[in-house]
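Following: one structure in structure tokens, then a few remarks.
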Amino acid sequence: MDTGGNSLSSAAPDGVKRKVCYFYDPEVGNYYYGQGHPMKPHRIRMTHALLAHYGLLQHMQVLKPFPARDRDLCRFHADDYVSFLRSITPETQQDQLRQLKRFNVGEDCPVFDGLYSFCQTYAGGSVGGAVKLNHNLCDIAVNWAGGLHHAKKCEASGFCYVNDIVLAILELLKVHERVLYVDIDIHHGDGVEEAFYTTDRVMTVSFHKFGDYFPGTGDVRDIGYSKGKYYSLNVPLDDGIDDESYHFLFKPLIGKVMEVFKPGAVILQCGADSLSGDRLGCFNLSIKGHAECVKFMRSFNVPLLLLGGGGYTIRNVARCWCYETGVALGIEVDDKMPQHEYYEYFGPDYTLHVAPSNMENKNSHQVLEEIRCKLLDNLSKLQHAPSVQFQERVPDTELPEAEEEQNEADERWDPDSDMDVDEERYLLFYQKTGEVFIDYFMSAVY
């Protein structure tokens, strides 16, 4: 098996390797939103195949996520919404038209076979990654199935049903006084921003297309409210932004955020619809330009959770997230793609990288400079990182205990899976940590 390249010494100033945990469920690629729908979970399986054939899996702890349970999801979502997601099926949806409308399910967010299991899987990976980071069991956790940033407390939105990011942030807040969320999807990270709009313990930073574009939010003037004032940063961009223009904003803004906010942990949502040539997108980032955001966040050596998100030209999504996994590991992968089961998707060049287009960059330097100055000025109004007095530690996330006398672990993983996992240690870790996800009280955050 080709190891895919040499050490990526430029991935961090100190050149230190990071311990990476990677969450993947072999079933995730089987979920299907329906004919013609742009969201295709199959891209997660394609990404995994590239990681396997580039030899990257052997450098990570590969884990199958525990599915999130009802009460785990209800740490953020409304009970009746979660109950609806659990019960709705393609066969019964015609009998629940009022509920479908109430919860915004049916068009962009269709009902499909296994919908609730899909939500449990991708949310379980993101919360599981947060738990690993909280226990210092890795430096970087990766869940490419996660990052569904549009879901709201009581409704689905933008192909997203459960907001795994909010759940992961709540988990991180049990240990860390401050958590930073950064979103490089082309769409505004509205669901996450809304959830934490009035707190100073979570800062949200979103780089997105703005102006007659879904979801329509994310104006530069939206800065947070009450205790959360100036803790929401929105970076509105226009069509055709390229690597140079993007990092003219990203690096100084994120550098300043890290300096003044001093987060204990970071979540980076790596939506790949900001890449050049995306089926729904209109930006012009290269894979290396997109991955530069991962490299930059990695360089701060703060616990980091990498999540997926949008991305609708699925061959490029797989390319991007494979390369960014290499960046997380500190391994430069070869441009020449190894033979694998989805090789034909990547013709005619069969390379990892694709050239950006010659589309016009509608982001003038003057406008970018104005945005940069405005947001840096907002950040200057944060005098110091907020401190939190912990009254009582919120219980750790716990998952279902297996019978000690029975080897139930074998039933939790597909025996035909190609995952190189330390399954027993993973199971024991969760057995020892106790109960189940996010026993969370709003007073612990606000």
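The backbone N, Cα and C atoms fix where each Cβ goes, glycine too.
If you look up TrEMBL, you'll see 37-325 marked as domain 'Histone deacetylase'.
Summarising the annotation, TrEMBL assigns substrate binding site to Asp108, Gly158, Tyr312. Of all the Cβ atoms in the protein chains shown, 17 others lie within 10 Å of the Cβ of Asp108 (substrate binding site).
For His150 (active site, proton acceptor), other Cβ atoms within 10 Å of its Cβ number 27. The feature active site, proton acceptor is assigned by TrEMBL to His150.
Packing around Asp273 (divalent metal cation binding site) is summarised by its Cβ count: 23 other Cβ atoms lie within 10 angstroms of its Cβ, all protein chains included. What TrEMBL records for Asp185, His187, Asp273 is divalent metal cation binding site.
Look at TrEMBL and you will find 390-417 tagged as region 'Disordered'.
As annotated by TrEMBL, compositional bias 'Acidic residues' applies to 398-408.
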Starting from the Cβ of Gly158 (substrate binding site), draw a 10 Å sphere and report how many other Cβ atoms land inside it.
21
Sort out the sequence-distant neighbours of Tyr312 (substrate binding site) for me: same chain, 6+ apart, CB within less than 8 Å of its CB, listed by position.
Pro38, Met39, Lys40, Asp273, Asp278, Arg279, Leu280, Gly281
Specify the count of other C-beta atoms within 10 Å of the C-beta of His187 (divalent metal cation binding site).
27
About how far apart, in whole Å, are the alpha carbons (Cα) of Asp108 (substrate binding site) and Asp185 (divalent metal cation binding site)?
17
For the recorded divalent metal cation site, whose residues are Asp185, His187, Asp273, find every other residue on that chain with a C-beta no more than 8 angstroms from the centre of their C-beta atoms, and list them by sequence position.
Ile186, His208, Gly271, Ser274, Leu280, Gly281, Gly309, Gly310, Gly311
Minimum Cα separation from His150 (active site, proton acceptor), reported as the residue among binding-site residues Gly158, Asp185, His187 that achieves it:
Gly158
